[in-house]
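Peer 1: Quick one: this structure, given as structure tokens, is what I'll be asking you about.
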Amino acid sequence: MESENRTVIREFILLGLTQSQDIQLLVFVLVLIFYFIILPGNFLIIFTIKSDPGLTAPLYFFLGNLAFLDASYSFIVAPRMLVDFLSAKKIISYRGCITQLFFLHFLGGGEGLLLVVMAFDRYIAICRPLHYPTVMNPRTCYAMMLALWLGGFVHSIIQVVLILRLPFCGPNQLDNFFCDVPQVIKLACTDTFVVELLMVFNSGLMTLLCFLGLLASYAVILCRIRGSSSEAKNKAMSTCITHIIVIFFMFGPGIFIYTRPFRAFPADKVVSLFHTVIFPLLNPVIYTLRNQEVKASMKKVFNKHIA
């Protein structure tokens, strides 16, 4: 009987971002504009870093991977959301929901760990400059990338396995525009207290610890560069401030969503929209606009291949 109950729910009905047609149209247009303008910019960042021999430092290697992660992350939720805006009934299969949830946490977890790696890179570059070539050699950089991909995979697998073990026998309406843990787990027809604790530990605690660790590391870096020369200080300050902005934009919504009991709050959908759609598109752009070397290289690539 338990096995049958687990297979009763074969699809979920997404209630969407809002029931207002005017707001749906506005969000549809804004997200579409973001896609057509900023998403190609992310791929331009990747192409620029790959094609310019002058951008071989570990910072640019990680920035290229960040752009790739964000471009991939933006394909998980936004395209389906745009299609659903045009549909009267928004339905996602059980398997499709689990797949979306897996990639959401796989790429999101990997990106959070990548920001930790980038903070470590900046710490070594600014606080231990003489050791930088030795510590941040290509082999170490590739090992770090492999570790963060593996970390994101393990984090996501834990989320998915916990969901798959739950029976779903109705109702099947998800009060959101995509599948995520807080909404899906509430539809399980069993007590989920222990599972929620495990998920808060897996997602929320990891997010919070990474956030606090990143803030502490950049605080150390900022204290260290106070006595530097004016030019070096300004460049280091610019890089650190950019990273801190991205940290708040990424981890702020994550902490709000995953470090509390899985209850519905009025701001949930707006925070989720920013976290899953807007921020992944803007993230590499924020880095690029404050990096003179990347901007100069992008101009050369643009003039060479397009102008």
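FYI, residue positions are counted from 1 along the chain as it appears here.
Quick reminder: no glycine exception, Cβ is built from N, Cα and C everywhere.
Note that the structure is predicted; figures quoted are calculated from it, not measured.
Annotation comment: Swiss-Prot describes Cys97-Cys189 as disulfide bond, evidence class sequence analysis. Annotated N-linked glycosylation site per Swiss-Prot: Asn5, in sequence order, evidence recorded as sequence analysis. Per Swiss-Prot, the feature topological domain 'Extracellular' maps to 1-25, 80-100, 159-195, 259-269; the stated evidence is sequence analysis. If you look up Swiss-Prot, you'll see 50-57, 121-139, 220-235, 290-307 marked as topological domain 'Cytoplasmic'. Taken from Swiss-Prot, the feature transmembrane segment applies to 26-49, 58-79, 101-120, 140-158, 196-219, 236-258, 270-289, supported by sequence analysis.
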Peer 1: Counting only residues 6+ away from its ends, which parts of the chain sit with a Cβ under 8 Å from the topological domain 'Extracellular' (80-100)?
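Peer 2: The answer is 9-17, 24-25, 27-28, 31-32, 160, 163-164, 168, 174, 177-179, 184, 277.
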Peer 1: For the transmembrane segment (196-219), which partner among 26-49, 101-120, 140-158 gives the most CB pairs under 8 Å?
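Peer 2: Maximum Cβ contact count belongs to 101-120.
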Peer 1: Who sits close to Cys97 (disulfide bond): which same-chain residues at least 6 apart have their Cβ under 8 Å from its Cβ?
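Peer 2: Cys97 (disulfide bond) has long-range Cβ partners Phe12, Leu174, Cys179, Val184.
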Peer 1: Who are the long-range neighbours of the transmembrane segment (236-258) in its own chain, taking Cβ under 8 Å and residues 6 or more past its ends?
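Peer 2: Long-range Cβ neighbours of the transmembrane segment (236-258): 59, 108, 111-112, 115, 118-119, 122, 126, 180-182, 199-200, 203-204, 207-208, 210-211, 214-215, 218, 221-222, 225, 228, 267-268, 271-272, 274-275, 279, 282-283, 286-287, 290-291.
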Peer 1: For a quick check of packing: other C-beta atoms within 10 Å of the C-beta of Cys189 (disulfide bond), how many?
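Peer 2: Around Cys189 (disulfide bond), other Cβ atoms within 10 Å: 15.
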Peer 1: So what's near the topological domain 'Extracellular' (259-269) in sequence-distant terms, Cβ-Cβ under 8 Å and 6+ beyond its ends?
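Peer 2: Answer is 17-18, 175-177, 181-182, 185-186, 196, 199-200, 203-205, 207-208.
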Peer 1: Mind checking how the topological domain 'Extracellular' (80-100) divides into helix, strand and coil residues in DSSP?
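Peer 2: Taking each residue of the topological domain 'Extracellular' (80-100) in turn, the totals are 13 helix, 3 strand, 5 coil.
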Peer 1: In the predicted model, what is the mean pLDDT computed over the topological domain 'Cytoplasmic' (50-57)?
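Peer 2: The average pLDDT of the model in the topological domain 'Cytoplasmic' (50-57) works out to 86.
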Peer 1: Should anything in the same chain at least six residues away from the topological domain 'Extracellular' (159-195) have a Cβ under 8 Å from its Cβ atoms, list it; otherwise answer none.
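Peer 2: Hits for the topological domain 'Extracellular' (159-195): 2, 5-6, 8-9, 11-17, 76-77, 80-81, 84, 90, 92, 94, 96-98, 100-102, 104-105, 202-203, 257-258, 262, 264, 268-269, 272-273, 276.
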Peer 1: For the topological domain 'Cytoplasmic' (121-139), find every same-chain residue at least 6 residues outside the stretch whose CB is under 8 Å from a CB in it, and list them.
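Peer 2: Beyond its ends, the topological domain 'Cytoplasmic' (121-139) has Cβ neighbours at 58-59, 62, 217-218, 220-221, 224-225, 236, 239-240, 243.
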